[in-house]
Amino acid sequence: MVNNNNKNNKINDRENEENEKNKKKDKIYENKIGINENNNENNNYQNENFIYTSGDSNDTQEGDISEIQEESTNENNKKLKKRKIKKTKSLYFYKCVTGPDKLFFIVTQIFILVPSLFFEIKLVPISLEISKKLEISNYIITLTLLVFIFYNLYKCAFTNPGIITRNNIEESKKDKIKLTKLQATKKALKKFITSGMDEIANDDPISSSSDFSDSDDDDQDEQGGSSSARNSFENSGDFIVEMEQPTNSNNNNSNNNNNNNKNRNRNNNNNNNNNNNNKNQSKYKEIQIGDSDFKYKCKFCITCGLYREPRSFHCSTCNNCVENFDHHCVWIGNCIGRRNYREFFYFITTTLIYALYLLSMSIVFLNQIVNTTESPANKINNNNINSNSSNHNSSNDLNEKFEKSINNILYALRTTSGGLCIFIIIFGFIMSLLLGFLVSYHIRLTLSNKSTIEDFKKIFENQINPYDKGWLFNLKIKLFNFNNSNNNININNNNTNNNINS
């Protein structure tokens with residue numbers, strides 16, 4: 001009886017020691033892994049059941065789990081730094097908003113100002129030789145066009161194109177950190193469980209650690225160890241860990257381990273499939289546009305943390321989602337969207353008119369320079385003709401006039417005014433050609449109520465454009481902001497309807 005009491009006391013002591021060690025392990029999980037930081041997100045992982053066949057808990061040290069956790073959190077933190085949320089690249093000053101690239105914006109102003117200064121200072125005074133009214137009209141027309149050009153240029157460059165406000169970036173960062181911690185706990189538990197199962201497969205820890213020779217006492221010891229293990233690992237709050245007592249035979253241990261591995265792999269595969277389905281479902285939202293059969297897919301923007309509204313796209317240069325995004329214009333240094341497309345269209349059209357005007361007037365001035373100037377070679381020829389007027393023929397007159405005109409043109413090109421005329425003619429021709437293609441392209445887009453990126457991606461290629469309401473109504477919408485409420489909806493609100501009237 002005394003021996004049995006001593007053995008029972010030893011068994012109880014061992015149970016108490018195991019319970020204390022298991023409590024310490026639970027504290028390690030709570031303090032270092034951060035299991036209880038986000039109870040809402042923890043529910044996503046409560047359905048994962050891990051089956052663990054445990055031996056003697058004395059074989060495991062307290063620092064093993066914490067070391068595994070620290071390694072896994074470091075890996076996840078490195079991934080989080082790579083996916084760090086970038087801030088917007090747009091520049092804000094009171095109500096002025098512009099993009100980050102300002103070098104080409106300065107070049108655009110130089111391309112407009114330099115030819116204009118040469119034209120106003122050097123060439124417009126030549127029109128006085130033709131007519132006084134022509135000189136005054138040149139000053140009025142050129143200055144008026146320059147005012148319209150720079151007004152639309154600066155308004156387009158410093159107007160908010162329709163940037164969609166982001167969700168709170170700090171909250172999204174905290175959510176990502178919490179998710180990485182939960183993923184780290186998952187990896188740590190998997191490593192801890194698989195390492196324990198490998199040890200059990202090699203030998204029987206409980207039978208080797210038993211200090212008693214009687215079979216009855218061994219049975220009592222095994223029952224005590226299994227009950228204490230179940231009590232200590234019972235529903236930790238995030239994961240359900242089931243403890244099973246191994247049998248004495250190694251064959252049964254290996255069979256149980258194989259079955260447990262298969263069950264765990266099946267559960268993991270099912271959970272991965274469910275997570276992938278949830279990601280695919282939450283990546284897009286389909287919305288029907290008006291009464292048409294066209295369904296617009298609103299994509300979720302990871303950077304801005306919101307669902308993009310119809311016809312909205314993310315600009316990689318400014319790092320913003322923009323309403324009715326058309327394109328990012330490098331020459332203006334800003335995105336072209338719902339709020340500044342009208343000014344962009346007016347800018348390119350007025351610049352085209354100005355380039356054509358400079359081209360035509362430079363040709364007129366060059367003709368005037370050629371007619372009013374006479375080369376020294378022509379003066380010598382005229383003196384020779386006057387001295388030999390008796391031998392003068394009509395056939396020679398045509399040749400002499402042609403030679404005179406060529407000599408006068410070559411001589412005029414050597415002068416400052418003639419060289420500037422040639423420069424402005426070449427510059428105006430190139431700018432008129434490029435801007436002519438650009439303006440004609442945007443006229444076609446305006447009449448069909450499409451944007452540049454929609455035409456480039458061919459979104460409405462195989463179906464009718466639901467936003468096309470006729471060329472007259474499209475002109476009112478695009479160029480006069482008449483009833484421009486295509487995107488008057490908050491797609492990120494759960495209470496919004498899936499039917500948008502265009």
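Just so you know, glycine gets a Cβ as well, placed from its N, Cα and C.
Quick look at what Swiss-Prot lists:
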type	residues	note
REGION	1-80	region 'Disordered'
COMPBIAS	10-30	compositional bias 'Basic and acidic residues'
COMPBIAS	31-52	compositional bias 'Low complexity'
CARBOHYD	Asn58	N-linked glycosylation site
COMPBIAS	59-73	compositional bias 'Acidic residues'
TRANSMEM	104-124	transmembrane segment
TRANSMEM	134-154	transmembrane segment
REGION	200-281	region 'Disordered'
COMPBIAS	203-212	compositional bias 'Low complexity'
COMPBIAS	213-222	compositional bias 'Acidic residues'
COMPBIAS	248-280	compositional bias 'Low complexity'
CARBOHYD	Asn252	N-linked glycosylation site
CARBOHYD	Asn280	N-linked glycosylation site
DOMAIN	299-349	domain 'DHHC'
TRANSMEM	344-364	transmembrane segment
CARBOHYD	Asn371	N-linked glycosylation site
CARBOHYD	Asn388	N-linked glycosylation site
CARBOHYD	Asn393	N-linked glycosylation site
TRANSMEM	419-439	transmembrane segment
CARBOHYD	Asn449	N-linked glycosylation site
CARBOHYD	Asn483	N-linked glycosylation site
CARBOHYD	Asn494	N-linked glycosylation site
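Around Asn449 (N-linked glycosylation site), a 10 Å sphere centred on its CB holds 22 further CB atoms from the protein chains shown. Across the structure, Asn371 (N-linked glycosylation site) and Asn449 (N-linked glycosylation site) are spaced 50 Å apart at their Cα atoms. Residues of the domain 'DHHC' (299-349) grouped by DSSP class, helix first, strand second and coil last, total 9 helix, 17 strand, 25 coil. Take the CB of Asn371 (N-linked glycosylation site) and look out to 10 A: across all protein chains shown you find 12 other CB atoms.
Secondary structure at Asn371 (N-linked glycosylation site), taken from DSSP and collapsed to helix, strand or coil, is helix.
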